[in-house]
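Colleague: Below is one structure. I have some questions about it.
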2 protein chains.
Amino acid sequence: MKALKISEAVVRRLPVYLQVLNDLRKRDVQTVSSQELGNKLDLNPAQIRKDLAYFGDFGRKGIGYDVSYLIEKIRQILKLDQPLFVALVGAGNLGRALSNYSTYLKDNMKITAIFDAHPSIVGTQINSLTVLPIEALKATVAELNIRVGIITVPAAEAQNVADRFVEAGIEGILNFAPTILRVPDEIRIHHADFTTELLSLAYYLDKEGDELNEPSMD
Amino acid sequence: MKALKISEAVVRRLPVYLQVLNDLRKRDVQTVSSQELGNKLDLNPAQIRKDLAYFGDFGRKGIGYDVSYLIEKIRQILKLDQPLFVALVGAGNLGRALSNYSTYLKDNMKITAIFDAHPSIVGTQINSLTVLPIEALKATVAELNIRVGIITVPAAEAQNVADRFVEAGIEGILNFAPTILRVPDEIRIHHADFTTELLSLAYYLDKEGDELNEPSMD
DNA sequence: TAGATTGTTAATCGATTAACAATC
DNA sequence: TAGATTGTTAATCGATTAACAATC
């Protein structure tokens, strides 16, 4: 078994597995089968086994997967077994909200710098971090060993921020602005654009074309 | 056009097309080809033509697509040609940030009610809306004709909020909490969980040192 | 017209699911 | 052991891409 190309779909499921596994561990569950995971996630058990098998033999035949061990392994695969420092640009409401989110702290991701272009915001405090001027981005990224950038500025400014991130040598960007960004191929971009989710949700409403009441006939 | 089953992948691309088209219109571009759209979005032009052809013949051979006409058509497909009222539960930082987002206002989606479970937050103002107690949810949803719910509460409270939304007769939910929700099949749930995006991003960093040590050689 | 570009069918590619020997 | 469940191969399903006649 050699370095096989892992599809994006597989990688995207790993954090979801991690989420459920963390939950199981919190409830002191020792072992879980692909069947049980599949039930919880509405996924085919074979798919879960296959996903995990790309990375190693983590389970035990007849038993299932040890929850803590699998958590450890998935964290290794996602390279979350070592600290990963993150910068955020755009200290508006959304930026502040993300800074407060502690969810990924336990996953070794840490926002260590926040930037904004507006003089009125620069210098304010967010969670013990002082908002820095955007001009300080490049130097700070190098100094603090920051590898990921989060963009929470308005769409019109997002490309400019992306350019600055690239110039600063960032390796990956999480973009919240509802716009497409142009970056070199070697930079990884993920979109966290909830407007897309919200608009596509609208498509699925009112399936049968009936009124506001749901059809309760079988 | 018969009621052909449209795949989720297709529906998810529609809002992205809309985004680019809106941008083109803002720049007074009249007409666009699938080739040009493909360049902008890093998508295969044939895919774009096929996606659109599921819903009708929107283009003109030899010419391309009329930008304004296509915008209108996609908005119709997504049912955004009529107002869609949205409720939000969880008036913390993230909830406030979303309330401020005006992006989807122009797409006829409007947050018309905000709820929170904490007495200290209930009664405060967000964008001319008064935060209501969670107990008022059901009555308000009915009264204001709200069809979509947004969840921006901590993971531990998310299922409870989802249950309340379902009981209130909501048709779709956009969930920001990093947890899996259980709802009846007829309720559509979309996830806007950026922690998933952020964790999977970590996988792709550090390309050059990419060769994971494969544990099992068998 | 001649060049451009759609809508659509056919070919390809990739991802999911089923099945089962291995084995805890 | 006997039942359970993995890891993996083969079968199926679905989505993307190529190709091209139709036609603006």
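Yeah, the Cβs are placed from backbone N, Cα and C, and that goes for glycine too.
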Colleague: Looking at B:16-55, B:176-215, which one does TrEMBL call DNA-binding region?
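Modeller: That would be B:16-55, the stretch labelled DNA-binding region in TrEMBL.
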Colleague: Sorted by position, what residues of the same chain at least six away from B:G90 (NAD(+) binding site) have a C-beta under 8 A from it?
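Modeller: In sequence order, the residues whose Cβ lies under 8 Å from that of B:G90 (NAD(+) binding site) (at least 6 apart) are B:F115, B:D116, B:I151, B:T152, B:V153, B:P154, B:E157, B:V161, B:F176.
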Colleague: B:G92, B:G95: which of these binding-site residues has the highest Cβ count within 10 Å of its own Cβ?
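Modeller: That would be B:G95, with the most Cβ atoms nearby.
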Colleague: Which residues of the same chain, at least 6 positions away in sequence, have a Cβ lying under 8 Å from the Cβ of B:A91 (NAD(+) binding site)?
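Modeller: Those within reach of B:A91 (NAD(+) binding site), by Cβ under 8 Å and sequence separation of 6 or more, are B:S99, B:I114, B:F115, B:D116, B:I121, B:T124, B:I126, B:V131, B:T152.
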Colleague: Which residues does B:L94 (NAD(+) binding site) neighbour through Cβ under 8 Å, counting only same-chain ones at least six apart?
Modeller: B:T152, B:F176
Colleague: In the DNA-binding region (B:16-55), how many residues does DSSP call helix, how many strand, and how many coil?
Modeller: 28 helix, 2 strand, 10 coil
